[in-house]
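Residues or ranges marked as domain 'Sugar phosphate transporter' in TrEMBL: 116-403. What TrEMBL lists as transmembrane segment is 112-134, 146-166, 181-205, 217-238, 258-277, 289-308, 328-345, 366-382, 388-405.
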Amino acid sequence: MESRVLSRATAFATFSHLRKPSRDSHHNVGFVSVKPIGAVGEGGNVIWGRQLRPALLLESSLAPVGLFFTGRRENLRTSIVPTAASASSSGEGSDSSGEAKVVAPVGFFEKYPALVTGFFFFMWYFLNVIFNILNKKIYNYFPYPYFVSVIHLFVGVVYCLLSWSVNLPKRAPIDSKLLKLLIPVAACHALGHVTSNVSFAAVAVSFTHTIKALEPFFNAAASQFILGQSIPITLWLSLAPVVLGVSMASLTELSFNWLGFISAMISNISFTYRSIYSKKAMTDMDSTNVYAYISIIALVICIPPAIIVEGPQLIKHGFSDAIAKVGMVKFVSDLFWVGMFYHLYNQLATNTLERVAPLTHAVGNVLKRVFVIGFSILAFGNKISTQTGIGTSIAILGVAMYSYIKAKMEEEKRQAKAA
C-alpha cells in the first residue's frame, strides 16, 4: 500500500470527519506518538549517560503527525514510520513503499571510547590522590582512624541508598545465600580498611603505600599455599624486588613506627583474604550493587570496634578538640568529602576495570600508587632519605613487573579456553 504523509491541516481535517469506532468494531484506528531524540523510554535507566533499555527514538521534526492502519491494530513497536525523505521520494512518483530504516544516533561513549577511558583513569587517579591528602590532613588534627573509617563507609552507604532510590542503578535483590557469601568478603574489607587508616594516621602516607605494595606478594602466597594453585617461578622472581624495596624503605623511613608498619601488613593480609572470598562469592550481580552491599555489611561490622576503642575519648575530648582547632563547619565538611572521595574512587576503579583489559588496569593501578606517593610527598613536604627513595622505586618497579606477568598469564589462559 502506497504511503502518504499528511500535513497538519490535512490530518486535522481528516480527523474531524472520522467517526469514532464502536467498541465491537473490527477496524481500529491507531495513532503513533513520537518521542524526540534524547527522551528516556518508560522504565529505562540512565547510568553514566547510557540508557539501559533503549526505546524507538525518532526526530520530531521529521516525523509525520500520525499513521492510520486498517484492519486489526498492529504492534506499535514494529510499526514502520515513513520519514520526510521517503515521503518526498514517493511524491516524485517512485515505486518506493515509503519504508525507512531508523538509525540510532551514535552516543558520545561509542564515538570516543579512548577519550572516555582516559577520563575514567584521570578521575580515578585524581579522586584517589585527593582522598589520601584530605584523609591525612584530618588525622593531623583528629587522630581517630576507627571513627574516620566508619565515616568513609557511612557516606558511601548513604550515597548508594540515594542512588537506589532513583534507580541509578536499580537495586538488585539479595537472598540469604548470597548474603552468607558476601559477609566474609565484607568482614575482610572492613578489617583491611580500618587497619589501612590506622597506618595512615600513624606514619606518612607515602610509607603506608610503600608497605601496601607488598600486597601482590601475599596474594601469590595465598594462591600457592591456601588455594593450592601453582605459581610460576617467574612470578615469584618478580616479587623479589618488591620485598627488597620495601625492606630498604622501611629501614630508613623517618616516620617509621611499628604500629603503622604492622597495621599496613595486616591490611595486606586482609585484602588478600578478601580476594580469596570474592572468588568464592562470584555472582551475576553487577559490580556496583555488589560493592554497595559489601559497604553496608562492612559499616555494620566497623561500628562496634569504633565505639569500644575510641568512643570514650571522642566523647571526652576528641570532638571538642577538633572543633576548637578547625571549626565545626570545616570539621563536618572534611568528614563528608573524605567519605565521598573514598566511595567515588573505589567505584571509579571498578568502572575502569570494566572498560579495559586486566593488563591495562594492573599497570594503571601501579601508576596510581606512584601518583599517590609523589603527590603526598609534595603536599605534606615529607623528607625522605635517599635509601627510602631508592627502595620505594625498586618496590614500585617490582609491582609493575608482577602485574604485567600476572595479567599476561591470565590473558593467555582466556585465549586458551576460547580456542
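Including glycine, each Cβ sits where the backbone N, Cα and C put it.
Sequence-distant contacts of the transmembrane segment (366-382), counting only residues of its own chain at least 6 positions beyond either end whose CB sits under 8 Å from a CB of the stretch, comprise 124-125, 128-129, 132-133, 136, 204-206, 209-210, 212-213, 254-255, 392, 396, 399-400, 403. Most Cβ pairs under 8 Å to the transmembrane segment (112-134), among the stretches 181-205, 258-277, 289-308, 388-405, belong to 181-205. Ranked by Cβ pairs under 8 Å to the transmembrane segment (258-277), the stretches 146-166, 181-205, 217-238, 328-345, 388-405 are led by 181-205.
Put simply, of 146-166, 217-238, 328-345, 388-405, the stretch with the most CB pairs closer than 8 A to the transmembrane segment (181-205) is 146-166.
Counting same-chain residues at least six beyond the ends of the transmembrane segment (388-405), those with a Cβ under 8 angstroms from any Cβ of the stretch are 206-207, 210, 213-214, 216, 220, 234-235, 238-254, 359, 362-363, 365-366, 369-370, 373.
On the 0 to 100 pLDDT scale, the domain 'Sugar phosphate transporter' (116-403) averages 88 in this prediction.
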